[in-house]
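**Student:** According to TrEMBL, the feature transmembrane segment maps to 29-55, 61-84, 96-118, 130-148, 155-173, 188-209, 230-247, 267-292, 299-316, 322-340.
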Amino acid sequence: MPVNEEPILIKDSTLIDTLPFFRLKRWQWWLLVALNIVFLLVGQAASVLLGRFYYDKGGNSTWLATLLQTAGFPILFIPYIFIGSSWTPSDSANPSLIRVCLIYFVLGAMTAGDNMLYSVGLLYLSASTYSLICALQLAFNAVFSLFINRQKFTIMILNSVIVLTLSASLLAANGDSTEPSGVSKGKYLIGFLATLAASVLYSLLLSLMQLSFQKVLKKETFSVVLEMQIYTSVVATCISTIGLFASGDWSTLQGEMNTFSTGKLSYVMTLVWTAICWQICAVGVIGLIFLVSSLFSNVISTLSLAITPIAALIVFHDKMNGVKIIAMLMALWGFASYIYQNYIDDIKTRKTHTNAERTTNDSLC
């Protein structure tokens, strides 16, 4: 394999033949990764801000907020039509249809529960506090990746886990004057615990998605990413819709729209763009899992810590006191620790792969 076609971030050279896009040139692979990074960062930051805007201007339905996180999946059929399906009836390597459906159903149900927890957290927390607490998902994902995906757990990653844990702990002890107006200490604690639980479930979900790509959905086309998002979103949307009607929230939506402080059109556009932005974010998340790993995808999610709180400060004038600034810097420190470890692993992997090629060539001569 020429140098400019060498795979990137491959932790085990024996897996080269099973990883997607390994035949692409390096610049093409990095372009795909960069595109998914942009999708994730922009989609996540915009979604969180729009969700906070919805609550601040008069929205109150956590079930509607949950539904919006997956209801925008029909827009993904546009790129899916052009890319084409990853399923070929004549392919003997196709997994069992029942097995695939079961995977999508379980992941979709987990997504619905995770979205509900995040919606409760965003209802009671400011956008900046919510975003910083979500830093813990990287720590949890590191643990799940160790046991589920057999990710190597190094000193630098351990440092990242500890620093991010301390960062979120600072926020838990700094509930004064940071929550939206009218939120009591008790509700702030509920929001904190809900977001914390959502981070655990989200981390587990990412690791299970990676396991599904590795063990079951062994395809080399990006259409499998869209299929994963579309089908899990169908399940999550159905569950969220049932919850919306069962809770009685649906009966309050008309009044909610009429009393939305920025008007009916603003209400509708907020819902539409929130749904779209969540889908953009989700494609980026799953795309990075497919191209690299669940841990790498979560690291990029954590990078939004440097974007969302600052954007929240500008848009919503969230308070950024000294403790919160320190917590954000610690979160960035934890992020940098993991990136540095990834850099070291990449160098070692490339050297190992190069030496293996040289040994093979020498044996052929």
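Placement of Cβ uses the backbone N, Cα and C atoms for every residue, glycine included.
Explain the structural surroundings of these features, please.
**Tutor:** Proximity of distant same-chain residues to the transmembrane segment (29-55), defined by a Cβ-Cβ separation under 8 Å and at least 6 residues beyond the stretch ends, is recorded for 7-8, 21, 65, 68-69, 119, 122-123, 126-127, 130-131, 180, 222, 270-271, 273-274, 277-285, 287-288, 291-292, 297, 300-301, 303-304, 307-308, 311-312, 315-316.
Tertiary proximity for the transmembrane segment (130-148) is limited to same-chain residues at least six positions away from its ends with a CB under 8 Å from its CB atoms, namely 48, 52, 121-122, 157, 160-161, 164-165, 167-168, 171-172, 191-192, 195-196, 198-200, 202-204, 206-208, 210-211, 293-295, 298-299, 301-302, 304-305, 308-309, 312, 324, 327-328, 331, 334-335, 338.
Under 8 Å from some Cβ of the transmembrane segment (188-209) lie the Cβ atoms of residues 106-107, 110-111, 113-114, 117-118, 120-125, 130, 133-134, 136-138, 140-141, 143-145, 148-149, 168, 171-172, 175, 179, 228, 285-286, 289, 294, 297-298, all in the same chain and six or more residues away from its ends.
Sequence-distant contacts of the transmembrane segment (230-247) (same chain, at least 6 residues past either end, Cβ-Cβ under 8 Å): 61, 63-64, 66-67, 69-71, 73, 76-77, 80, 104-105, 107-109, 111-112, 115-116, 279, 282.
Same-chain residues lying 6 or more positions outside the transmembrane segment (299-316) and placing a CB less than 8 Å from one of its CB atoms are 37, 40-41, 44-45, 48-49, 52-53, 56, 126-128, 131-132, 134-135, 137-138, 164, 284-285, 288, 324, 328, 331-332, 334-335, 338-339, 342.
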